[in-house]
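Structure first, commentary second.
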Amino acid sequence: MKSLTLKAPAKVNYRLDVLRRRPDGYHDLRMIMQRIDLCDEITITLSDTSGVRVTCGREGVPDGPENIAWRAANALLPLSGQEAGIDIAITKNIPVAAGLGGGSSDAATVLLGVNELLGLGLSIERLMEVGVTLGADVPFFVFGKTALAEGIGEVLTAIDAVPPLWLVIVNPNIPVSTAWVYQSLRLTGEWNGDTIPRFFKDVADVCAVLANDLESVTIGRYPVIGEIKERLVAAGAAGALMSGSGPTVFGLFAAEEEARGAAQSIASSSDWFVTAVRALV
Ligand code: ATP
């Protein structure tokens, strides 16, 4: 049987501005999104038995139709014109409900993989359109480059000038619901219309844009996030920020050895999930 094994990377937000609440309940956002080398592994296999099957086996991640990867495959299957079946096995390495976009990345990877396995010939733009019907971060992972993301996350502009950075990712093992964070957010006023740069020559340039409007909401409930930020800076990070709706925090480093040293020192004195990873370019 034809089969593909693909990596589905996590993301962090170097910037997350919430511009306004929309009448449809979504928020207009402005984000700088960066893929990182912390990946789920997804094996997609064509089958003679029609329909989609998803197995993951990780606590907190549903098998079957409630898995966003199932919905991704199911959205493309009717386009094949064949009685095809698809089996998907997910090896989960990305912390769940963590602000790292794991589910969205799994869905995007399934869109790309099923398009290839079934020979559908859909363009990246078309796959991004299907992706946004599954989740607001899915188009970014289909796009596959560091990006400025606007709208609800689906209007993407590539950012080519990014330095080769290292990140230390720290997750305190508390699942946080993205819906809860947005519901708890109190918007303070109209967006002031400022612009953010699209050219970053070094780690200091990236540190200059670090900001996340959701941080105060999640830190308000889980103060440990503030503590992790301080630990990262004390361990040598040039800057530290909560990613997405949290609770994961990342610290930025120019060099691999510094990042690995900081990760080791934080891991040895906590029971948090800690890893040093490369930013993907
Ligand atoms: P985002 O920042 O995009 O909201 P996240 O990293 O905070 O993402 P996910 O790990 O994507 O959150 O998971 C959110 C919820 O979605 C989980 O609680 C889980 O039950 C459900 N889910 C469905 N499919 C998946 C999947 N393939 N991987 C992870 N979670 C999934």
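Just so you know, glycine gets a Cβ as well, placed from its N, Cα and C.
According to TrEMBL, the active site annotation covers LYS11 (among others). The Cβ of LYS11 (active site) has 27 neighbouring Cβ atoms from other residues within 10 Å, across all protein chains displayed.
Its Cβ taken as reference, ASP137 (active site) is surrounded by 27 other Cβ atoms within 10 Å in the chains shown. Under DSSP, ASP137 (active site) is assigned to coil, being neither helix nor strand in the three-state scheme. Feature annotation from TrEMBL assigns active site to ASP137 (among others).
The feature ATP binding site is assigned by TrEMBL to PRO95, VAL96, ALA97, ALA98, GLY99, LEU100, GLY101, GLY102, GLY103, SER104, SER105. For GLY103 (ATP binding site), the count of additional Cβ atoms within 10 Å of its Cβ stands at 26 [all protein chains shown].
DSSP assignment over the domain 'GHMP kinase N-terminal' (67-145) gives 44 helix, 7 strand, 28 coil. Annotation source TrEMBL lists domain 'GHMP kinase N-terminal' at 67-145.
The domain 'GHMP kinase C-terminal' annotation in TrEMBL covers 212-266.
Other Cβ atoms within 10 Å of the Cβ of ALA97 (ATP binding site) number 19 in total over all chains. Of the candidate binding-site residues, ALA97, GLY101, SER105, the one lying closest to LYS11 (active site) when CA atoms are compared is GLY101. Within 8 Å of the Cβ centroid of the ATP site, not counting the listed residues PRO95, VAL96, ALA97, ALA98, GLY99, LEU100, GLY101, GLY102, GLY103, SER104, SER105, the chain contributes ALA10, ILE94, GLY244. Taken in sequence order, the recorded positions LYS11, PRO95, ALA97, ASP137 that lie near ligand 1, meaning a CB under 6 Å from one of its atoms, are ALA97, ASP137. Between GLY101 (ATP binding site) and ASP137 (active site), the C-alpha separation comes to 7 Å.
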